[in-house]
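**Q** Pulled from TrEMBL, these are the listed features:
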type     : residues : note
COMPBIAS : 338-347  : compositional bias 'Acidic residues'
COMPBIAS : 350-363  : compositional bias 'Polar residues'
REGION   : 332-363  : region 'Disordered'
REPEAT   : 68-109   : repeat 'WD'
REPEAT   : 109-150  : repeat 'WD'
REPEAT   : 152-192  : repeat 'WD'
REPEAT   : 274-306  : repeat 'WD'
Amino acid sequence: MAMRQTPLTCSGHTRPVVDLAFSGITPYGYFLISACKGAGQHLPALSGQRYGKPMLRQGDTGDWIGTFLGHKGAVWGATLNKDASKAATAAADFTAKVWDAVSGDELMTLAHKHIVKTVDFTQDSNYLLTGGQDKLLRIYDLNKPEAEPKEISGHTSGIKKALWCSEDKQILSADDKTVRLWDHATMTEVKSLNFNMSVSSMEYIPEGEILVITYGRSIAFHSAVSLDPIKSFEAPATINSASLHPEKEFLVAGGEDFKLYKYDYNSGEELESYKGHFGPIHCVRFSPDGELYASGSEDGTLRLWQTVVGKTYGLWKCVLPEEDSAELAKPKLGFPETTEEELEEMTSENSDCIYSSTPDVKA
């Protein structure tokens, strides 16, 4: 019989988690950043509440490292560069911010004219791409913070996602119902895709130049170079986000029915589905090694899920039952002096300190 999926629950955010991103694999492991909404017009901030504050975690365990303080509204987008030395965030306070991800210090604030929804570093971390409600793509030279950004216009509604692709030679961006491909050198549009419903997410896979787009119940795969279609799957519910495994074996998706779905990428067969969150799922991403995937939800939590259930990895430890026990073998989280009941509600607890860069993470 199959082992039961036992996710790690990472608490700390008090509002819906709307974006997350992993770093690349570094000498210290890999890291995870998450962004959440603000308190909102009818939800005033409480004393000490971490509304709208992006958080940094150890990627394979979910252990909290620090919280970036500085935004004054909902944080809609967050990302890390490859070596996890820098973070960038996009917020409803009309700014994007760049942070030192080791110390937690704010390095620069990039003022915009409207809400910023998305940020992305080039591979060398020298440039930052932003997009938001003012329908403009902006490219900032991070070595010249006083310089005006380059601007690309053409979108007809607010930009939801913008990503560098093709070794930073091209840009992918999505607004409400359109995905556009741009040439970086000429700052001109190469091609666009139009959809009959709102685009909910977009993921770029450099290995193979694959673009993953979700809209309605559809999970569509396109060439990131030409935007030509590759294949598409239909899910049983409205999907808000999907992610392709680094080895392109599986894909996971989540949406409005609180469930996570895992599919075989080649055949489209649904391999499993399970409910863990207590609200719609807004974002899901595979880790850079493909061993786990993270999901963020309306319920204010991040959850980490094993790609291969039962494998000893991170905080999961597979404990086989005694021969005479009728209990199923299932993954258990390897914490000392922690009961099984506590593990069922396992959270990566967060202290009240602002930012703590631990010695075992970064020297």
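Note: Cβ is positioned from N, Cα and C throughout, glycine not excepted.
Relative to the rest of the structure, where do these features sit?
**A** Here the repeat 'WD' (68-109) has a mean pLDDT of 96 out of 100.
Mapped onto DSSP helix, strand and coil, the repeat 'WD' (109-150) counts 0 helix, 21 strand, 21 coil.
A Cβ distance under 8 Å defines the sequence-distant neighbours of the repeat 'WD' (152-192), meaning residues of its chain 6+ beyond its ends; these are 77, 114-115, 117-118, 120-124, 127, 129-139, 198-199, 201-202, 204, 206, 209, 211, 213, 215, 222, 224-227.
DSSP states for the repeat 'WD' (274-306), grouped as helix (H, G, I), strand (E, B) and coil, give 0 helix, 19 strand, 14 coil.
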